[in-house]
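Colleague: Okay, here's the structure, questions in a sec.
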Amino acid sequence: MKIAVLSRNPRLYSTRRLVEAGVERGHEMVVIDTLRAYMNIASHKPQIHYRGKPLEGFDAVIPRIGASVTFYGCAVLRQFEMMGVFPLNESVAIARSRDKLRSLQLLSRRGIGLPVTGFAHSPDDIPDLIDMVNGAPLVIKVLEGTQGIGVVLCETATAAESVIEAFMGLKQNIMVQEYIKEAGGADIRCFVVGDKVIAAMKRQAKPGEFRSNLHRGGSASLIKITPEERMTALRAAKVMGLSVAGVDILRSNHGPLVMEVNSSPGLEGIETTTGKNVAGIIIEHLEKNGGPNMTRTKGKG
């Protein structure tokens, strides 16, 4: 197969590993800088050009689209779909998962366990919003934040009111969530490929920190997940429409709670921690399911 990898940086661990795994399995792998691809949106012959030449003959595309380039990245991926190229994850599913509020609304509709979450626009509603999530301590999250940036733990209602007012004053969209104390600053990253959780790791926040992101100095270790956690991760990925996803789960007193469904999960942490060839499993999934004109979104967007 001829497989495109949409990535800003060919030297990133995840991009490198996907290329290596594809080449090992006999595929032609081409890394394309997402922001340098440009489109000809013609009625009968949609095209993507790159460095002055049309991109042709691709069977599949692996999107590694960073959060900051979601809009343009999804447009490029959608153009590949219009050309009949099979996407590992579809543009519509990636756009859906990048909107944290929309994601939680979709997951809640399907009865998937979530932390109690509130969202409001007016400062007048802040006291009621805090009560809605069972009061302080609580967590405030900027909707556009990634890697733990823009996430604040407020120990008291007074502190929470001040922080929420400040964010609202800056015209930032935020959501307020109950703090799951029993999770102890740890979460579980379940790596979903197709209809299987192929790997899982526990991420533990460093002392004095509650955010378990590895980018924030958290540590990763092997973990055995329960059947309920496995089912929750698979259902969450399916609701979002993602074939490959990193589903972040908290262990609470009332079962597993989904924090986030990541459409472009990093490979370094999960491969290093579990010793699994995750990149190879992803390429294998593409071989079984992909091929020209097999995209489900063609014509739907």
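Using N, Cα and C of the backbone, Cβ positions are placed for all residues, glycine too.
Annotations per Swiss-Prot:
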- LYS141, GLU178, TYR179, ASP187, ARG211, SER212, ASN213: ATP binding site (BINDING)
- ASP248, GLU260: Mg(2+) 1 binding site (BINDING)
- ASP248, GLU260: Mn(2+) 1 binding site (BINDING)
- GLU260, ASN262: Mn(2+) 2 binding site (BINDING)
- GLU260, ASN262: Mg(2+) 2 binding site (BINDING)
- 104-287: domain 'ATP-grasp' (DOMAIN)
Colleague: Translate the DSSP assignment of ASP187 (ATP binding site) into the three-state scheme.
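Modeller: Reduced to three states, the DSSP call for ASP187 (ATP binding site) is strand.
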Colleague: Need one number: mean pLDDT over the domain 'ATP-grasp' (104-287).
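Modeller: Taking every residue of the domain 'ATP-grasp' (104-287) together, the mean pLDDT is 92.
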Colleague: Whole-number answer please: how many Å between the C-alpha atoms of ASN262 (Mn(2+) 2 binding site) and ASN213 (ATP binding site)?
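Modeller: Here the two Cα atoms lie 13 Å apart.
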Colleague: Between ARG211 (ATP binding site) and ASP248 (Mg(2+) 1 binding site), how many Å separate their Cα atoms?
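Modeller: With the alpha carbons as reference points, the distance is 12 Å.
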Colleague: Please report how many Å separate the Cα atom of GLU260 (Mg(2+) 1 binding site) from that of LYS141 (ATP binding site), as a whole number.
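Modeller: Computed Cα spacing between GLU260 (Mg(2+) 1 binding site) and LYS141 (ATP binding site) is 12 Å.
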Colleague: Could you state the whole-number distance in Å separating the C-alpha atoms of ASP187 (ATP binding site) and ASP248 (Mg(2+) 1 binding site)?
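Modeller: Counting only the Cα atoms, the answer is 7 Å.
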Colleague: Roughly how many Å separate the Cα of GLU178 (ATP binding site) from that of ASP248 (Mg(2+) 1 binding site), to the nearest whole number?
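Modeller: Pair distance, Cα basis, whole Å: 16 Å.
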Colleague: What does the structure give for the C-alpha distance between TYR179 (ATP binding site) and ASP248 (Mg(2+) 1 binding site)? Integer Å is fine.
Modeller: 15
Colleague: Counting only residues 6+ apart in the same chain, whose Cβ is under 8 Å from the Cβ of LYS141 (ATP binding site)?
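Modeller: Looking at Cβ-Cβ distances below 8 Å from LYS141 (ATP binding site), excluding near sequence neighbours, one finds LYS100, GLY150, VAL151, VAL152, ILE174, MET175, VAL176, GLN177.
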Colleague: Measuring Cα to Cα, tell me the gap between ASP248 (Mg(2+) 1 binding site) and ASN213 (ATP binding site) in whole angstrom.
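Modeller: Counting only the Cα atoms, the answer is 10 Å.
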Colleague: Counting Cβ neighbours within 10 Å across all chains shown, tell me which of the binding-site residues ASP187, ASP248 comes out on top.
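Modeller: Max Cβ neighbours within 10 Å, all protein chains included: ASP187.
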